[in-house]
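What follows is a single structure, written as structure tokens, with notes after it.
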Ligand SMILES: C[S@@+](CC[C@H](N)C(=O)[O-])C[C@H]1O[C@@H](n2cnc3c(N)ncnc32)[C@H](O)[C@@H]1O
Ligand SMILES: Nc1nc2[nH]cc(C(=O)O)c2c(=O)[nH]1
Ligand code: SF4
Ligand SMILES: [Mg+2]
């Protein structure tokens, strides 16, 4: 036990932003009050990424290597010390050593959820309460690595509630989602329409193409019903409907 604490005390976590409390805007936890820790750095470069400020190295200078105590201090301040669900996102949060943060959250009665594309598996996934795996469809321009995704599911084991969440822009993305879902038939599936207008990251609230998002959402509902895919859930990004591309919400 002493060993684990001494290691975690010296490790730092690269953080892009910590914000909240707000509502979780996507997927299985939609609507839940949450504080976000967004880590800096990603092994992917999705063509439509809405969080480039946590991905591209030109924003590196804005990322801070923080100690566990400093991160925890901010989470407690934002949540007023009242336990809620911590949402770990990024970038790819699996790059960072988050095991000790998850442990700290649990010690204080908080829950921990993590969103990742499923490219890097960690043994601490099994300590999460919720693991959201969001494999990237063809429109992202990224190559799918099925073995890495299966490794993530294996690492999580029976620990967290593990779910799949797909961003869908078009028919090819939809077909990809159906195929990956068939690989992992036990996992709940969430589908969300893509948002085509990532803001220049320097700006906080660039206009968004709301009618495009809603058109894709309508199409997606029809498409899923046509297939009688009644296990899938279709949700918009609630925070985008409410605040557009504003950062920190
Ligand atoms: C910014 S990513 C960070 C976590 C991780 N890298 C991942 O992609 O899962 C968080 C979620 O936002 C989704 N997302 C990113 N850009 C989007 C966009 N333009 N429209 C809809 N969802 C998007 C991702 O697919 C992912 O499910
Ligand atoms: N409210 C809110 N919900 C979210 N769900 C996933 C987000 C993310 O960027 O990872 C996100 C976000 O940035 N804000
Ligand atoms: S994997 Fe996630 S954070 Fe990385 S580029 Fe894609 S959407 Fe953005
Ligand atoms: Mg987001």
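Just so it is clear, glycine is given a Cβ too, placed from its N, Cα and C backbone atoms.
Per TrEMBL, the feature substrate binding site maps to 23, 24, 25, 38, 89. Around residue 25 (substrate binding site), taking its Cβ as the centre, 22 other Cβ atoms fall within 10 Å, counting all chains. Under the three-state DSSP scheme, residue 25 (substrate binding site) falls in the coil class.
Residues or ranges marked as domain 'Radical SAM core' in TrEMBL: 29-245.
Among the features that TrEMBL reports, S-adenosyl-L-methionine binding site is placed at 48, 49, 50, 91, 134, 135, 136. All protein chains considered, the CB of residue 49 (S-adenosyl-L-methionine binding site) has 20 other CB atoms within 10 Å. DSSP assigns residue 49 (S-adenosyl-L-methionine binding site) to coil, not to a helix or a strand.
Look at TrEMBL and you will find 51 tagged as Mg(2+) binding site. Summarising the environment of residue 51 (Mg(2+) binding site), the number of other Cβ atoms within 10 Å of its Cβ, over all protein chains shown, is 19.
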Near ligand 2, which of the binding-site residues 24, 48, 51, 135 are found, taking a Cβ distance under 6 A to any of its atoms?
24, 51
Nonlocal residues around residue 91 (S-adenosyl-L-methionine binding site), in sequence order (Cβ under 8 Å, 6 or more apart):
16, 38, 39, 40, 41, 42, 51, 54, 55
Checking the binding-site residues 25, 49, 51: which ones have Cβ within under 6 Å of ligand 3?
49, 51
